[in-house]
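Feature annotations, reproduced from TrEMBL:
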type	residues	note
DOMAIN	B:154-217	domain 'CBS'
DOMAIN	B:218-274	domain 'CBS'
TRANSMEM	B:300-318	transmembrane segment
TRANSMEM	B:324-344	transmembrane segment
TRANSMEM	B:375-397	transmembrane segment
TRANSMEM	B:403-427	transmembrane segment
TRANSMEM	B:439-462	transmembrane segment
C-alpha cells in the first residue's frame, strides 16, 4: 500500500488531498483542553512539520498558546520555518528559550536566515545566540547580503570537488566527509581559485566507473548566480532552465553557497501570491491568520485609492447633471458602459502583468501586443455595442439612446485594451510593480472615459 | 567568472535578468531575412531550448515559419516542450516530418506525453510513430491515465532497488545499468511485490560505506502517489512537504513511475497562471501569442457575464428613476458606493480563493475567517462612511445625503466581506472552481446591494 493511501486510511491524519481534517484539529484541541500531553504527542507524531504549522495557523491564538506549551520539547525548528510570518513571531515569543534554542539548532543555514530576517532585533539575537559558533557565522554572513538576494537564499553547505578529480576520488571524498548536507543534487566542480566551472549530478557520478574524469560528466546547462542577484531572477532562471541546484558566487566569482530548487520554488510561490494579492488590491503578505485590525489596515489604502478614482468618476458625472436630469434613463444605463470598460481593462492588464512577470512581453513584441489588445477591444466593443443598442431601443424605445450607448461602448473597450496594456508596461519601465498599481490607473481611465463618452455623447445627440 | 556573468557579457544572449534582448531577436530575424543558415545556427547555439521557445513565441507567424525552415535539423525536441500550446501546434505543422521524428526521440516519456496530449489526432499519431517501440508503449501507457493525473505527469524511467540490498549492491547495479534517467534524485526501495517502501537520496548513498543496509538510509518524509491522483494534489504535496521526487503506484500499489520536482513546479506554475487569469475573467490558457480572434473569443464570455450583472444593477437603478429625477446628485454619487463594495468584495474573494487553493481555509477556521471579513468590512465601511458623509455635506451641502451615503457604504462593505468569503467557499463545496466564478457573483451582489441600499435609503430619507 502506498504511503498516500496509508495516510488516508488513518482516521485523523491529513486526508487524501493532503488537507488537514476537521477531525484531526478537533482531536488535537480536545487533547489540549484535557492537558493530555501523551495524547497530543501521539496525534502530532505522524504529522509533517508543514502540517503542524498549518494546524497552528488555523486555530485561534488562545488555543495556539496552550498547544505550544503542552507540546513543549517536541517542537521542531522546521515547524517555525513553515509558519506564516505573523504567527511565527507570536510562536517564538511563546516558546520556552531552551526549546527555541534546540529547535533552531537543527535547521540548515538558509532556513535560519529565512526564519530570522523578518524578526525584531531581540528575537533575532535570541536565535543567533542559540546557534553554534560556526552556524552563527554562516548565518551572519548570509545576512550581510541584501534582502531578497541570492546570498540570502543560498545554503552555505556545498559539496565541491576540484575539476581534475576522477569519479573514484569524488566518491571517496564524500564517504570520508562526515557532514554532507541533508539534500544535495550536484557536486560543484571548481577551479584552483574556487570558482565554479560546472555541475555534475550525483546520478551520473554513481553511474560511472571510478576512473572516469569527473569533468567529462558535467551538465550541459549550467548557471551560477551572483550573490547579490535578486531572488526573483534566481527563481525565474530555475523555472526557465529547469535547474535543480545552482552555485552562488561572490564578487570575485568564488563559490560561496548553493541554491536548491525547493528554495526557488518557495520564492516562485511567494511571487505568485504577491501578484495575485496585489492585482486584487490586497496589501502584501496578507494571510488568513492576520487579525482583524491588521487586515483592516492592510486593505484600507487600496480602498482609499479606489475612493479617489470613484470620486474622479463622480466628478465627470457631475458635469452632466443637467443632461441626466433631462433624461434619467442615462443614470440607469451609464454604469454598464463603465463596468464593461473596467472588466475589459482588467482582462488586458492581467495578461500584460503576467507576461511582464514571465518576461514574455519584451521590446520585440510590445507593439504587436498593443495592437492585438486594441483590436480585441474593438471587436468585442462592436459586438456589445450592437447588443446594447438593441437593449437601449427595446427597453427605452429610443434608437438615439441605443446609438449613444453603442458608440460609447466601442470607445471604452478600445480604451480599456490600450490602457490595460500600456499602463502596466509604463509602470514596469518606471520600476513600479505593475501588479501593484495598474488596477487603480486602468479603472480610473475606463470609468472616466466610460462616463464621459456616454454622457458627453448623450448631451450632444439626445438633448 | 560565473556562467551568468559570462552570458551577460556576450552581446546578444539573454541579459543578466535572463530576458531575451531585442538585439538578439533582431539579429536572428536579420539572419532569417538573409537566409544565412550558418549565422542563424551561431546565434541560436548558445541559447537554451526555453529561450529559443520564447523567441519563437515573440516573433510573428511569418518570421516563425521562415526561421524554423532555415533552422532545419538543428531543431530539438526540448524546444517543442517549452512552447506555448497554440504555437506548438503551428510549429509541429511546419516542421519537416524527419526533423520532428528526430526531435521527439530525444525526449523523456513524460515530456512526450505532455507534448502530445493536447494535439489533434493526426499530429499525435505522427509523433507516436516516430518513437521507438519501447518508448511508444511507455507513452501510450501514460496516456491511458486520466488527463491531469499523476500517471500523465510521471516519467516511467525509475531507478529502484530491493529493500534488502546494501549500498555496494546499489552502486554496482547503477554502474552496470546503461540507461539511467537523465535526472534522478532518489533510489526507490521496493518490496518483493514491487511496492515502494521508501526513498533514499543519492547523496546519502554516496556518503555511506558499501556495507551499510540501504534501508537504513531511507528518508523520513515519504509520499507515494496513486497514478490517478489529480496533478494539482501532487503539486500541492510537493510544495507542502518539500519533496524532490516521489514514486507513483498503480491500483495494486505497485511502482509504475516517478514524478520529479520540476514537473510539480511546472504544474504549480500553471495553476497559479490559471488562478490569476480566471480571477481576472480571462479565458484559460490565454497567452500573449494568441491571435486576435482567439483572444476575442476567449474574453467574450466573461464580458457577456459582466454585461448581465451590469444589467441587473441597472434594473435596480431603474426602480428608482423617480428618486433620481428628483435629486440628480444621487446619480453622481451612486457609483461610489457600488465601486467601493466591488473593490472590498474583490479583496475578500481573492484572499478566500487563494486560501482555498493553498488549503489553508478549512472547516476548522471557516467561521473565524467569515467573522473576520465581516468585521473588516464593518470597520473600513465605518471609516469610509465618515469620509463620504463629509463629502456629501461639503459637496452637496446636504447632511441627509451624507447620512444616506454613509449608511449604504457600511452596508455594502459588510456585504462585500460576507459575499467575498462565502461565495468562493460555497462554489468550492459545489466543486466549481472559485477562481472562475466568484468574481461575477460577488460583483453582482455588491452592485445590486450598493445601488439598492443607496437609492432605497435616499428614497426613504430624502424625498
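Note: Cβ is positioned from N, Cα and C throughout, glycine not excepted.
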Other than its close neighbours in sequence, what residues sit by the transmembrane segment (B:439-462), given a CB gap under 8 Å and a spacing of at least six beyond its ends? 279, 281, 302, 305-306, 309-310, 312-313, 316-317, 319-320, 323-324, 326-327, 330, 333-334, 337-342, 344-346, 348-349, 398, 400-401, 403-405, 407-408, 411-412, 415-416, 419-420, 423, 427
Mean pLDDT, the domain 'CBS' (B:154-217)? 91
By DSSP, what is the split of the domain 'CBS' (B:154-217) into helix, strand and coil residues? 19 helix, 17 strand, 28 coil
Secondary structure split (DSSP) over the domain 'CBS' (B:218-274) reads 25 helix, 14 strand, 18 coil
